[in-house]
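Participant: OK, Swiss-Prot features for this one:
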- 11, 12, 13, 14, 15, 16, 17, 105, 112, 129, 130, 131: NAD(+) binding site (BINDING)
- 92, 98, 131, 162: substrate binding site (BINDING)
- 187: active site, proton acceptor (ACT_SITE)
């Protein structure tokens with residue numbers, strides 16, 4: 001039997017975690033032979049709910065679940081963690097400006113970065129889900145300078161999956177047939193779901209759709225605004241689909257992307273595609289042996305260029321508003 005992997009999940013009493021934890025414990029993320037220890041963190045006010053979640057996890061009798069720690073102490077939750085999934089963040093309330101959300105959540109992620117720096121395993125992988133995810137990833141990473149920058153990523157996989165789904169429905173194709181989708185930029189309404197490189201078999205998706213008006217006026221805004229539409233329909237934000245995206249993101253990170261395909265991750269920009277260094281930006285990446293690498297050499301047409309730049313400009317504005325949270 002393999003040694004258990006310690007997985008920290010913040011916001012563990014919340015909606016996304018309720019859809020996530022049972023799948024992790026069942027082996028959906030790391031496989032059917034990998035035991036896990038769940039280290040669950042939430043605020044003291046959520047303790048009763050978290051206790052209920054723990055009871056349900058116990059009652060499932062998962063063979064792979066080697067232990068559960070439930071706490072409001074981040075030092076305990078992050079201690080010797082192998083994987084940290086940072087879901088917990090305050091939601092945007094009515095009347096709250098985006099800058100207010102950046103400030104409130106930025107302080108949470110600054111503190112968590114500092115604690116990760118102290119007690120997490122040195123090769124721990126950290127996935128930031130709580131919004132605004134890109135900038136929260138940067139805050140966490142900068143406050144954990146002893147951990148490798150390449151071990152931090154922000155989640156754009158939900159956006160990536162939404163884009164795949166829209167194309168699959170448009171072309172009446174299985175999602176699994178669609179390769180090389182990209183969502184550039186920020187996990188926000190400036191993101192750019194880019195299907196100019198996407199393929200089904202050896203055929204470009206744009207040559208199958210043959211409808212630039214659908215792409216510009218339906219596909220792109222539908223993916224950009226999908227989260228808000230789900231909230232309007234459900235009265236609650238995306239939870240099961242976000243949990244599924246977390247599973248997909250981490251499976252690719254650990255086990256690799258399929259040959260001839262890539263995925264989207266929010267990672268530290270390095271100058272690729274004329275996006276200046278220093279922000280967490282959605283790029284197409286190939287994963288192999290636990291590492292990820294930006295796909296290089298893709299042609300960026302003028303239509304795409306303006307959208308890549310708009311996302312970068314928004315990220316620099318976010319960065320300017322939280323510089324005081326960086327060491």
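Placed from the backbone N, Cα and C atoms, the Cβ positions cover glycine too.
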Participant: Just to verify a number: CA distance, residue 131 (substrate binding site) to residue 11 (NAD(+) binding site), in angstrom, no decimals.
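Facilitator: So the Cα of residue 11 (NAD(+) binding site) lies 12 Å away from that of residue 131 (substrate binding site).
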Participant: Out of 17, 112, 131, which of the binding-site residues has the smallest number of neighbouring Cβ atoms within 10 Å?
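Facilitator: 131, out of the binding-site residues 17, 112, 131, has the fewest neighbouring Cβ atoms within 10 Å.
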Participant: Looking only at Cβ atoms, how many others are within 10 Å of the one on residue 15 (NAD(+) binding site)?
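Facilitator: For residue 15 (NAD(+) binding site), the 10 Å Cβ neighbour count is 16.
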Participant: Let me know the most crowded of the recorded positions, choosing from 98, 162, 187 and counting other Cβ atoms within 10 Å.
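Facilitator: Ranked by Cβ atoms within 10 Å, first place goes to 187.
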Participant: Between C-alpha atoms, which of these recorded positions comes nearest to residue 162 (substrate binding site): 17, 112, 130, 187?
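Facilitator: Going through 17, 112, 130, 187 one by one, the closest to residue 162 (substrate binding site) is 187.
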Participant: Other than its own, how many Cβ atoms are within 10 Å of the Cβ belonging to residue 11 (NAD(+) binding site)?
Facilitator: 23
Participant: In angstrom units, rounded to an integer, how far apart are the Cα atoms of residue 11 (NAD(+) binding site) and the residue listed as 'active site, proton acceptor'?
Facilitator: 19
Participant: Rounded to the nearest angstrom, how far is the Cα of residue 98 (substrate binding site) from the Cα of residue 130 (NAD(+) binding site)?
Facilitator: 14
Participant: Output, ordered by sequence, the same-chain residues six or more apart from residue 13 (NAD(+) binding site) with a CB under 8 Å from its CB, or 'none'.
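Facilitator: Sequence-distant Cβ neighbours: 40, 42, 46, 47, 49, 50, 53.
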